[in-house]
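Contents: one structure, followed by commentary.
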Amino acid sequence: MKELIIEQTENYVRNELGEDATGHDWFHIDRVRKNALHIWQYEKSGDPFIIEMAALLHDIPDEKLNTSAEMGDLKLASFLKTIPLTDEDKDHINQIIKSISYKGGRKTELVSIEAKIVQDADRLDAIGAIGIARAFAYGGKKGQPIYDPKFSVREEMSLEEYRSGKSTTIHHFYEKLLKLKELLNTTRAKEMAEIRQNMMESFLTHFFQEWNGKV
Ligand code: ADP
Ligand code: NI
């Protein structure tokens, strides 16, 4: 039964997100699911079925992919209605998805180990080699420059700059991606993040060397 529900959910998500080019495509979802199940195998805690379901559905209500946050919630709720699970399981999946998003650094208390694992899995996919690729894909789609030294990092922005909402993809590393490692919950995800962090740091070192006409 659980296998069938997973299959039904995969088909639904593939159909909903397949064509997205902002980094929320089906392959992102599939990597988050794989990361999450990998972490679960090390942590040996939490319900792997709930983890897999929440990982598969985690981007369905995302504001960026819906006309509004409310429409996103509604979309997830309507899908959950179609699957044969207890209300308790559906509430848990819903609550995990609600609690894991990183919106301007907002901190939400993660109540369950399942939520912690899925959040780590999603954050891992924003760092390392994949994270670099996703950041530039997103920046390209938004028409954002690769880098421009005239911009400041968010913490040092003038009000005018902040209001314009303009930044560069290299700035996104300093504003968010390099900080994600410190926000991880599980031991296994922290270990995985070490290698990915080194990858990003080395990328940035080379980027600036090349930018300045060295090496
Ligand atoms: P997620 O689905 O992992 O929660 P987001 O919705 O925040 O992530 O963003 C999707 C992808 O786009 C991530 O890889 C993220 O790093 C990247 N991204 C988001 N905002 C920016 C930005 N301003 N510049 C470059 N990349 C960005
Ligand atoms: Ni995601």
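Cβ from N, Cα, C; glycine included.
Here the structure is a predicted model, which means the values were calculated and not measured.
Per TrEMBL, these features apply:
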- 21-136: domain 'HD/PDEase' (DOMAIN)
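The residues of the domain 'HD/PDEase' (21-136), classed with DSSP into helix (H, G, I), strand (E, B) and coil, number 79 helix, 0 strand, 37 coil. Confidence across the domain 'HD/PDEase' (21-136), taken as the mean pLDDT and rounded to a whole number, stands at 91.
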